[in-house]
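Chemist: Below are the features I grabbed from Swiss-Prot:
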- Cys580: active site, for beta-ketoacyl synthase activity (ACT_SITE)
- His716: active site, for beta-ketoacyl synthase activity (ACT_SITE)
- His759: active site, for beta-ketoacyl synthase activity (ACT_SITE)
- His1367: active site, proton acceptor (ACT_SITE)
- Asp1554: active site, proton donor (ACT_SITE)
- 1678-1695: compositional bias 'Low complexity' (COMPBIAS)
- 407-841: domain 'Ketosynthase family 3 (KS3)' (DOMAIN)
- 1331-1648: region 'Product template (PT) domain' (REGION)
- 1335-1468: region 'N-terminal hotdog fold' (REGION)
Amino acid sequence: MRPVDFTPSSESPTAEKGMKVVYFGNELPQDGIQGICRRLHTYTKDRRYPLLARFIEESTWAVHDEVRQLHAAQKALVSPFESVLHLAEQPELCRGPLCGSIEGVLLCVIQLGTFIGYYEDSPNEYTFDSANTYLTGLGLGLLASTAVSLSPTLADLPLAGAEVVRVAFRLGVLVADVSQNLQPADATGERDSWAYVIPNVAPKEAEEELAVIHTRENTPEASRIFISAISRTSVTISGPPARLRRLFRMSDFFRDRTFVALPVYGGLCHAKHIYNSQHARSVVQGPSIAALDTRFIARYPILSTGSGEPFPTATTATELFEHVMTEILTQAIEWENVIQGVVERAKLLSVSEVQVQVFRNSHPVHDLLSALETSLREGVEVAIKDLGPWITRTRDEERPPPRGTAQSKIAIVGMSCRMPSGATDTEKFWDILEQGLDVHRKIPPDRFDVDSHYDPAGKRVNASHTPYGCFIDEPGLFDAPFFNMSPREAQQTDPMQRLAIVTAYEALERAGYVANRTRSSNKHRMGTFYGQASDDYREVNSAQEISTYFIPGGCRAFGPGRINYFFKLWGPSFSIDTACSSSLATIQAACTALWNGDTDTVVAGGMNVLTNSDAFAGLSHGHFLTKTPNACKTWDCEADGYCRADGVASIVMKRLEDAEADNDNILGVILGAATNHSAEAISITHPHAGAQSCLSRQVLRSAGIDPMDVSYVEMHGTGTQAGDAEEIKSVSDVFAPAVKRRSSQQPVFIGAVKANVGHGEAVAGVTALVKVLLMFQKEAIPPHVGIKNSINPGFPKDLDQRNLRIPYEKKPWPRRPGRKRIAMVNNFSAAGGNSTLAIEEGPLRPKPAGAIDPRSSHLVTVSAKSKISLKGNLERLLSFLDAHPDVALSDLAYTTTARRHHHNHRVAVATSDIADLKAQLCKTLESDSVNTLQPISATGPPPIAFAFTGQGSSYKSWDLQLFQHSPYFRSQILHLDTLAQGQGFPSFVPAIDGSYPRDHAHCPVITQLALVCTEIALAKYWVSLGVTPDVVVGHSLGEYAALHIAGVLSASDAIFLVGQRACLLQERCQPSSHQMMAVRASLEQIEQFAGSLPYEIACVNGPREMVLSGTREEMAAVARLLEAEGFKCIVLEVAFAFHSAQMDPILDEFEALAASGVVFQAPNLPVISPLLSKVVFDEHTIDSVYMRRATRETVHFLSAMKMAHKISTIDDATVWVEIGPHPVCVNFVRSSLPSTSVTVPSFRRGEDNWVTLTSSLGILHCAGVPVDWNEFHQPFERALRLLDLPTYSWNEKTYWIQYQGNWALTKGNTFYDDEAPQTKALAGLASELRTSTVQQIIHEQYDGAAGSVVMQSDLMQPDFLAAAYGHKMNGRGVVTSSIHADIAFTLGEYLYKKLNPNQEPHMNIANLEVVKALVAQENTKSPQLIQVSASTDNIRSRQAHLKWHNVINGSIEEPFASATVYYEEASDWLASWRPATHLVQGRIHALEQLAEDGVANRFTRRMAYGLFASSLVDYADKYRGMQSVVLHELEAFADVVLTTEKGGTWTVPPYFIDSVAHLAGFIMNVSDANDTNANFCVTPGWSSMRFAAPLLPGSKYRSYVKMIPTVEDNNIYLGDVYILQDETIVGMVGGIKFRRYPRILLNRFFSAPDADARKSTPATSAPAPAPPAGSEALQPKAAPASTPAAPASADAPTTNGVKAAAEPDANSTAAKAIALVATEAGLGLSDLKDSASFSSLGIDSLMSLVISEKFRETLGVTVTGSLFLEYPTVGDLKSWLLEYYS
């Protein structure tokens, strides 16, 4: 073969041009090959580098194919790899027998990958041609150059390059096999070099010395050492490593030389005595190279590294590869020949520039450049282009979209959670983390009785060995109506599934999700993925009462399925169980769905609510759980297992590019996620550090992350000795290795959330993820609190040296420019699965420079599904604004409109500043308008009518902000203007764009075209916002725009008619000779007072809205007459008098133009015709004749409206939108159809367009019109940001089925049989009776006609507690007398039926007396028991007696309430009440009259209960039965409707009793007849309570009562509450008593029993809630031990034989106390002599309480209410005060 002659002639077009030399080296970069491969991997995900990605994919496939063909021993050396780039992550492979193959592959991949990527970035620089381009390289670099030589374009390079990579791998295998036969690999794994470089030695001398040695030692030919490379300053010798070492020991010539081992460990090349052309062919030939032959030939010459000449012409790719491979295997490298060849060709080409392209500088490159610079003529520029830095350059901040979904990063855009210990949102969860709290506690009673189900000894069957866990407070709380669930369905639905849908909603809300707003939020492309590993509630709670919803409410699949169904998501819903790693494995599955393109947005998370004691027992016996009181002692030396935990969390994920396009807040970005299994562990539950390490490396590889860039690892950290030790081994090995340690500036922190909130099992992974997201947000690492003693001894001892840190206190974790925070999250399964994900901080998204929202007014909306929630949402928004005073109003408007789902109860505020917004929101709340707002119709959006304004209200010139700011509106205007100019009319844009002042008049053509075209554009703008008309009407000139919107006229034809008509007017009519005049009078009135004068009726707009036309003189005359009669007349600013005789000259020609030049279509909307006073539906009515008549004849707007209403084209619900410059037509609509409810303008004269539009949009929104808010904000979205506003305010109630008894312990065994009697005594008798207030019968006994029954109930049980909190006083739930009544009705009926079976009693609950309030304690986690007994000596006496007791620490306290039940006949009651009926009715009528006269006060429901709450009692909604109240002094009646809302099990629901009876309390605490600021009144009971018929839900009643002070005590009031239905007395609460107390005592009487009332702030005149009940016997609590206690009564000082007390200093506490006593008792100081007894001074028990409270409040002296009994005289008190407070 002849050499290829690439030398151009002197005439060649390449002469005097530049020359390019591309050099591929033979050494891998020594400074971070892994980092380079990671960067290349990252570039392959970038859409800008498809060729690079294809090259890597093709190369990976090629190497996979070659590995498959290896023999078994070699194949076993290669671990699985996903990408050829990942081979760099296997250092053991690079040191093994195949090191030559791996290094060759990586070298070619890096160099060719860099070459391709560089030129994809700069495609214009890819200018190579065969005449002036030369390729060369050393060793394998020469092989890489063949790919470039064969590729005519850059697009061809990936396929040719992949073949180079394949051949490089084969070459390494061949060399390894051949070299192994020359010297086997060292058994110890030590690597020896096969080549040494020796500087300053002549090649000939070296060769002669080697020949001598070989001859002397009879070295076999194949084992001889040889010269493999020659350079100007050195030679390289190669051979078997052992012989090389021997050479340097034995040869004097070589021993005395400097020699350097080269990193050549794979074997020999450049050895012609070993290899031949057959070896070269064996490496090259194969099916893949043959495929290249069909399309590739050598394009650019490659210079031989032996001769320096181009390789011979190759007609196929195979031939070129064989040339190169033969050279690599058999020829020594002589770089000087290459240099000489390049220099000679540069001279022959007479180039002006030589560019040398390299991949980093090197000695050969340096020598080449030096030779070029010294050898070429002066003026020839020699340049080097280093392509290597392209890989490591700083990338653009603006991230390009990924190559495909598989290369996307995953953005987390929303999150929500319910965590233990009151963490009902992420902020409260962060508080727990930040404060370093451990929130474990004893298993609460709403799960199961921990005392009976816990056995620390582990001997009791099915019992737990631990009593501890971490629990969500009140997991049964749920807003069932919001999620369209009935109370029964809610109660039977697993609470974790309920909380999952709640947190899903909140996460989506925080993510700004609105269905179908963008491509990624399309409901068809969204799915749900949740982890769940238990079914406690189904197995235990709802299994006790299996019914309709047992399966859909309890089975796992329904959790995510219900979320999909509620949100109408069409994508997949997965419930995944991988035990403890369920939620993170689920999130990985969700990421995979996003990467695969299966979905565009997912809601994912995990859930766990613990109610089944079996799981505690099973995990205890499996040695999983700690027995000690802690969350998890993660990394502690005494870690003994984990603490179980509740938790529910949801996150919203989408691909990063979608999140950025959607303008989302990005909380964090998932870079990679994977799951594997600890298959090699010693048991299925035992962790395996190797598997964990492998998983971490896999995630890092796929994400292209350097482990040293990870600064935080959230570890699984369950707190077991084995688990903690294995995990720290894997984490330290990967992220803080002992070798290649982290720099001191680059620590990695570790943490574990389980130390705070326990192990949530199925929710553990997402809990950890939420923690990391919060850390990103808060820029802090919270303290780790798991190490209670000392660190686990199994941890590496060199953590500090490795720079691996445990944060024992909160650490800053700030953003840093140019370096993202990256964290890893581990979540492992007891079943052996491991899941890990890598996550980095979300990108900062500042508003772009210059991006502004120019709108002057904004609309803020708030909505809810209930009025209670609406109020809560308003309050939350106000709180947010208070906390964020600098919030941008535009962002707030955008968030609340375009990024929120809108419910049926709506509030909208149009405003220009935050202060005004807050004022309007406060006004809405304070005025109670929330309760009067009407929700939007459930039947769908209202019909919409567009009314197009005529010319009478138009400006002369406009300055439309909408034209300036709205691209859509502007484009419509400009398009219409183009149409107008195309028809020869002048541009009308100057008339609307602010070019002229408003009083500048334009010619009629411009004026009329401007009006009609603006209205057309405005109507289309409304339609673009989703406000689409169902019917149109146009007034006069406005009818042309209306006909276009209805489809009758094209825009071009409408412009033609308007423009031509205006031209005719200018030509045929005299401007201003005639006038149009609006008159505020009816037709009859005008006829009556001006009928004698000439005028024409131009418009009949309403009953009293007329427009007259005529000459100027005629109009002036008419105006004088009408104004004289008091009618308002306004001359319209129009040039012509339309609809009058002035139009006659143009009519014929105008009709002809319309007939010949215009196409009239059938309307696609009903058109209300003011000309015809009818609605047009057909295609024949509107034609050229119609247009003529409409110009000349009267506009009958009034009759047109009435006709349209009559035939139901419009109705009262129709929403009217005025399309025009000022609201005119909508006023006509209102006057014509007064029942019309909603009318809005588009523009208003003198008002900024945005002010008008936002106000109108708010009205439409509240009317139920579905506005496209996204479209409204879209032009300004670059300047807008989504705010993280408070989430929805739920109207929650408790839905919970309580696990009863101990059957989980006893099932299937006899272990507890012997304990049965004892258990029965403790747990109560089996009984069919169980209500919300009578929960457990603990004793019952019957003997003939005598009987007794005793029950115990826990006030902390959800329904009972809710009932108490339904009646709040002083901020606390109080057991109201109505609850006591329900208990009495229940036990009374039960006892009666036991003694008189099959009989139905009518009961009178009589003589109820409550001597001490029963107040709900603050600690809801421990029981608060009461015991009530009912007994009768003889049921035939028809009475039973009841007593109430508190049960404290198992002991029964003195009774605090009592009552008697009389069994009577309802007929007797009705008969006794009948005579009083007319008296009661008479008083009611009298009160009604007083109210009408303004003497009595009438209150709405909201007002009444608002006053009640501000005075004393805050009732829950169910208790608020009074719909209205009429009150005069101490007498009132109320109309009552009982709620239909269900909840709880009752005999007579307390909220029914209270609703019909608490009118008496309302009088006593609201009436201005009492001093309610200073006092409050509570009831200790009544004489009788009787209901002749059951109180029924939804029924209407009327209550009446008059309260009268008693003669004996003016602080006690009595009254009879009559309950009427249909004017018949059906019930009565007789002798109801109220006692008045000073308000200062409210806090003392109504504080939680487990709180020190005297340390809390005294109640003001507007107390918070608490239970009523006290009488004069109410007792204060004893003083705490820390206060100065009074001596025992036996030692109390007395006045007998005791000296007078020393006189205190005037400023002393004692003196102030005595002065206070005098003030409060109304005494003089002189009355308070030391010998005076307090009883003689009139200080009774009530006054004692008041003074005691004043002591505490004013002086800080804490005493009991019995102070004046213990110190009965003034002297006694002085002495005690001086002793303790002087």
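Every residue gets a Cβ built from N, Cα and C, even glycine.
As the structure is a computational prediction, the values presented were derived from the model and not from experiment.
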Chemist: At the level of the C-alpha atoms, what whole-angstrom distance separates Cys580 (active site, for beta-ketoacyl synthase activity) and Asp1554 (active site, proton donor)?
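Modeler: About 49 Å separates the two Cα atoms.
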Chemist: Between His716, His759, His1367, which of the active-site residues has its C-beta surrounded by the fewest other C-beta atoms within 10 Å?
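Modeler: Ranked by other Cβ atoms within 10 Å, the active-site residues His716, His759, His1367 bottom out at His1367.
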Chemist: In angstrom units, rounded to an integer, how far apart are the Cα atoms of Asp1554 (active site, proton donor) and His716 (active site, for beta-ketoacyl synthase activity)?
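Modeler: So the Cα of His716 (active site, for beta-ketoacyl synthase activity) lies 53 Å away from that of Asp1554 (active site, proton donor).
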Chemist: Between the Cα atoms of His716 (active site, for beta-ketoacyl synthase activity) and His759 (active site, for beta-ketoacyl synthase activity), what distance do you get, rounded to the nearest Å?
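Modeler: For His716 (active site, for beta-ketoacyl synthase activity) versus His759 (active site, for beta-ketoacyl synthase activity), the Cα atoms are 9 Å apart.
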Chemist: Under a three-state reduction of DSSP output, how is Asp1554 (active site, proton donor) classified: helix, strand, or coil?
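Modeler: Helix, per DSSP.
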Chemist: Neighbour count, 10 Å Cβ-Cβ cut-off, for Cys580 (active site, for beta-ketoacyl synthase activity): what number do you get?
Modeler: 28
Chemist: Express the distance between the Cα positions of His1367 (active site, proton acceptor) and His759 (active site, for beta-ketoacyl synthase activity) as a whole number of Å.
Modeler: 37
Chemist: Hey, what's the Cβ neighbour count for the residue listed as 'active site, proton donor' at 10 Å?
Modeler: 27
Chemist: Of the residues in the region 'N-terminal hotdog fold' (1335-1468), how many are helix, strand and coil by DSSP?
Modeler: 33 helix, 65 strand, 36 coil
